[in-house]
Structures are given as C-alpha cells and as structure tokens.
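Working notes for the structure below.
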Amino acid sequence: MSFVEYAEFIQDGDVAIIFMSHDSMFPVKVQQGGQTQTRYGVIRHSTDLIGRRFGSKVTCSKGGWVYVLHPTPELWTLNLPHRTQILYTTDIANITMMLELKPGSVVCESGTGSGSLSHAILRTIAPSGHLYTVEFHQQRAEKATEEFGEHKVGHLVTVLNQDVCKDGFGVTGVADAVFLDIPSPWEAIGHAKAAMKRRGGRVCSFSPCIEQVQRTCAALAEQDFGEICTLEVLLRVLDVRAVSLALPDLGKEDEGGLPATPNATVTCRTAMPPREMAGHTGYLTFATKGPV
C-alpha cells in the first residue's frame, strides 16, 4: 500500500479506510491478529482484511457491512488525526493547479502541520519529484516523518524541524514551487526566493486574515515577484432531491378534452442550495518569480 501507487490487495501493515457512509469513515492500520470495533460489529484483520481486495464489502460480526477503501490524499484529508488546522480539498485543488505541479516537480512547504496538503503534493509530484517540508514544532515534525514512512512516501519527502523564517528551507536554487502556511509569511519570502530555481517558479501563501495578505503582497513586490494575485475559494454543494410542484390551473381542458385536474402536482428532481455552508477558510496569494 502506498499513497502514490495503487495496490490491489490488503496486506499486513497497510493503512485502510473503513467506509460506513459518506459522513462516517475512519482509518485503520491493518495488523495480523488485530480487531477494529464499529457500530456494525467487529472487523477481524486476519480474516476480514488481509488478503482481500481494496474496495471489498466486508461483513462485520453483527451482520452489518462496511467497505474497505484504498487510502488516497482526498480520503486522508477527511480522516487524518488533526494536529493542526488543515487545508481541505477545495483549497488544495487550486493550490496544486496554480503552482503548476506535475510529476518531477520539486516543492518546498512550510509548515507541515497535519500533512493534509503534503500528501496531495506527493501524489502529484511522484514518482520522481521531491518535497522539502519544514515544521517548527518538533513533535509534529517527528509524527509527520513517521506517517510518511508508514504511507510508503518517505523517499519522496524530506522533513526539517526548524524555523523557516530564520533558517529557510535547507535548500537553495532547486524548487519549482514554494507553499507557505505560517503566521508571518512575509518573513519567509526571501528564503522562498532563495530556494527557487534561477528562472521562473511559483509561490503560494495561505493566510486567514487580509492584513497578513497585505504584508505578504508587499514583501513579494519588494522581492521582484510578478503576477501577484489573491483569491478566496468558497464551495457550495447543492443537494439533488425530488420535489413536488403544483401545476397551475388555467381553467382549460387538457388535450383529451377533459376538465383540468384541480390541485394537480408533478414530481421532478432539482438541486437545492444548503441552508448553511462553509464560509471563509483563507486567502490564497500566488506570485511568480521573475527572471534573475
């Protein structure tokens, strides 16, 4: 099992996603002799998981069933243990696209946090790219290193435990793109520029407050970055449902010559907006390094 290569069968030591419904799933580390409790009963790893295909429908001890899914960055974002506030797929999709990431890209990231964006970057730049990710907090850096190893992506990433604003990314002149998710990104713009390749390259900064964006844009301009732009991504998911609509009574006969049916209704499918929706997550500021 690897987060960047699909495996067909579940093996001892793999991470699998136990899927009960779209709003109820969780990760489990498969272990010989292990057991996992669910509301549908026990899942026995040795007999119910190991050797089965990813995507299988597994019956629990109480008769209920679950699906066992292969982990992906999208599923991991929904199920990972939160050590920090994380980025979700809505922002991640824009970041990976706007930074122009592709297989073979070299990326610098700070901070690592819970690793939500890191896994998406690794899947995008595999098999020949590399991620240099910097985390200020020692325990979080150690835990991220451990998870990358368990998820079979450790060869694609280097985790550094240091202050990016003071010590930079530990590399110079190699990065195609830089991502910043730190309280004062303007203090790391110089280090981001130094880490990037001599010509071109993109940088992105994620900040929840517009005052942070203002200072970051000013720092980018001072460092001769161009194409500076800031955007905010808002996701509104529409619920497709069946609704009954009243037919208007125009007082005329129908095509068969019979009187119109009073209080007639028709059932149709439509998309309904939610009563509540997730609002502001953060501002994404992008810029391009100019030629040197």
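From the backbone N, Cα and C atoms, a Cβ is placed for every residue, glycine too.
Taking Cβ-Cβ distances under 8 Å and a sequence separation of 6 or more, the neighbours of Glu135 (S-adenosyl-L-methionine binding site) in its chain are Ser110, Gly111, Thr112, Gly113, Ala141, Ala144, Val159, Leu160, Asn161. Residues or ranges marked as S-adenosyl-L-methionine binding site by TrEMBL: Ser114, Gly115, Ser116, Leu117, Glu135, Asp163, Asp181.
Cβ neighbour counts within 10 Å, taken over all protein chains shown, single out Asp181 as the most crowded of the binding-site residues Asp163, Asp181.
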